[in-house]
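K.L.:
The active site, proton acceptor annotation in Swiss-Prot covers 126, and the record cites sequence analysis as its basis. Annotated active site, nucleophile per Swiss-Prot: 128, in sequence order, evidence recorded as sequence analysis. For 49, 50, 51, 52, 53, 70, 92, 93, 94, 114, 149, 154, the entry in Swiss-Prot reads GTP binding site, with the evidence type sequence analysis. What Swiss-Prot lists as Zn(2+) binding site is 54, 65, 67.
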């Protein structure tokens with residue numbers, strides 16, 4: 001996959017001054033961003049997150065999901081550590097796009113869960129692809145991650161690309177009455193590790 005580095009700049013945030021790296025996936029035209037902090041190319045495991053774009057949660061404060069809260073918590077954790085990386089991937093709505101996500105929300109308003117809604121629209125439950133992460137991490141010199149995620153598919157995707165996941169760091173945040181069914185469905189149907197019994201597990205490739 002031809003993913004090319006375009007430019008980098010400083011990005012001051014309330015948490016830290018990150019370096020923002022821009023990448024272009026020439027095959028899809030999608031623009032992806034990495035926020036980095038500190039020395040991440042020293043060979044040691046780097047605290048990191050793969051975060052798929054969620055306009056409603058990240059920018060519009062939606063409580064239908066936990067995405068915005070996870071994004072903020074991940075950046076705060078990296079800032080506390082003084083070293084880390086966050087890949088912001090343009091895969092809105094688990095890969096189905098913004099307008100289709102709104103269509104899925106409409107079905108959820110009628111009683112469907114998040115997986116059923118995607119499937120009724122003709123999509124897989126999760127259409128995301130993480131192949132673009134490899135060239136971005138290689139460009140930054142990152143070989144091993146302490147991955148902030150509840151999603152075992154992200155761990156497997158990285159290990160399948162020979163990116164070592166030294167540790168899975170649970171990211172449980174943003175729970176509220178509006179996303180209770182959504183989070184339960186992610187655990188029951190998508191295998192997300194939402195409970196304490198899963199903490200510290202690293203699935204083997």
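Glycine too: its Cβ is placed from the backbone N, Cα and C atoms.
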K.L.:
Same chain only, sequence gap of 6 or more: which residues have a CB within under 8 Å of the CB of residue 54 (Zn(2+) binding site)?
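P.N.:
The answer is 62, 65, 67, 68, 71, 92, 93.
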K.L.:
Could you give the Cα-Cα distance between residue 49 (GTP binding site) and the residue listed as 'active site, proton acceptor', in whole Å?
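P.N.:
With the alpha carbons as reference points, the distance is 18 Å.
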K.L.:
Should residue 94 (GTP binding site) be counted as helix, strand, or coil on the basis of DSSP?
P.N.:
helix
K.L.:
Sequence gap of 6 or more, Cβ distance under 8 Å: name the residues on the same chain that satisfy this around residue 128 (active site, nucleophile), in order along the sequence.
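P.N.:
Residue 128 (active site, nucleophile) has long-range Cβ partners 52, 89, 91, 94, 95, 153.
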K.L.:
About how far apart, in whole Å, are the alpha carbons (Cα) of residue 51 (GTP binding site) and residue 126 (active site, proton acceptor)?
P.N.:
14
K.L.:
Can you give me the residues near the recorded Zn(2+) site, meaning same chain, not 54, 65, 67 themselves, Cβ no more than 8 Å from the center of the site's Cβ atoms?
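P.N.:
Sorted by sequence, the hits are 56, 57, 58, 62, 64, 66, 68, 70, 71.
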